[in-house]
Amino acid sequence: MTLQQQIIKALGAKPQINAEEEIRRSVDFLKSYLQTYPFIKSLVLGISGGQDSTLAGKLCQMAINELRQETGNESLQFIAVRLPYGVQADEQDCQDAIAFIQPDRVLTVNIKGAVLASEQALREAGIELSDFVRGNEKARERMKAQYSIAGMTSGVVVGTDHAAEAITGFFTKYGDGGTDINPLYRLNKRQGKQLLAALGCPEHLYKKAPTADLEDDRPSLPDEVALGVTYDNIDDYLEGKNVPEQVARTIENWYLKTEHKRRPPITVFDDFWKK
């Protein structure tokens with residue numbers, strides 16, 4: 001088995017999908033989880049205005065709506081959380097995503113004060129954060145806020161990780177990578193677009209250039225620039241297609257060096273890191 005085949009198998013990626021079937025699969029997955037653990041009353045998700053959180057948010061609200069109708073349990077809710085750092089450049093996209101999702105509840109937590117306070121505390125301890133590390137601080141502060149909300153609403157935190165993100169480890173460890181349940185896992189980027197199109201999402205929300213937008217020195221830096229490879233390349237690779245040798249090498253290098261991000265903390269029983 002080639003490394004490409006191993007990666008595809010590990011991430012559960014498929015070369016082709018039926019959008020309606022995958023929508024149903026994710027919604028039923030969320031419903032089943034909530035029914036298995038009836039003490040869970042809410043799904044909590046940060047909404048950025050990008051493709052992934054828009055899709056995950058819509059699926060969460062669909063699952064909650066169906067469960068309420070089927071069980072009569074009105075205590076179930078989906079909580080969409082806006083988590084800007086100061087003023088967000090694409091705020092209108094966030095509002096458009098909220099309008100599309102129609103969440104039960106919307107909360108806004110501006111993380112700038114908390115991030116700056118943490119940075120100042122570290123500075124006083126003699127640690128000056130780089131812009132890159134400050135970006136990770138933002139991602140972790142966002143997740144911290146979501147877990148606080150989940151803790152106060154008997155909820156779980158929903159993630160947006162998918163195959164095209166997992167393969168490169170393009171998330172912050174214990175930031176946006178630290179969640180309870182990931183309904184998009186297995187899909188690549190173009191497949192996520194197919195699901196949103198089938199759901200009637202406004203096109204500008206999934207046709208915009210994806211960006212983590214964590215660095216102050218490089219605002220709205222496109223993911224594809226940061227990764228050195230396009231999502232079309234990544235999706236082709238995940239679909240088992242032949243890609244240029246340099247593209248495959250770049251993707252595989254990302255995969256191998258970020259393996260620790262896709263695993264629990266390393267113990268004496270692990271040996272993957274020795275390879």
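Glycine is treated like the rest: Cβ placed from N, Cα and C.
For the ATP site, Swiss-Prot gives Gly46, Ile47, Ser48, Gly49, Gly50, Gln51, Asp52, Ser53, Lys189, Thr211; the one candidate out of Thr153, Thr160, Thr168, Thr250 that the record lists there too is Thr160. Sorted by the number of other CB atoms within 10 A, the binding-site residues Ser48, Thr160, Thr211 start with Thr211, the lowest. Taking the C-alpha positions, the distance from Asp52 (ATP binding site) to Glu165 (Mg(2+) binding site) comes to 10 Å.
Here the Cβ of His260 (deamido-NAD(+) binding site) has 14 other Cβ atoms within 10 Å, regardless of which shown protein chain they belong to. Taking the binding-site residues Asp52, Glu165, Asp180 in turn, the residue surrounded by the fewest other Cβ atoms inside 10 Å of its Cβ turns out to be Asp180. Between the CA atoms of Gly46 (ATP binding site) and Lys173 (deamido-NAD(+) binding site) there is a gap of 16 Å. The binding-site residues under consideration are Gly46, Gly50. Their Cβ neighbour counts within 10 Å are lowest for Gly50.
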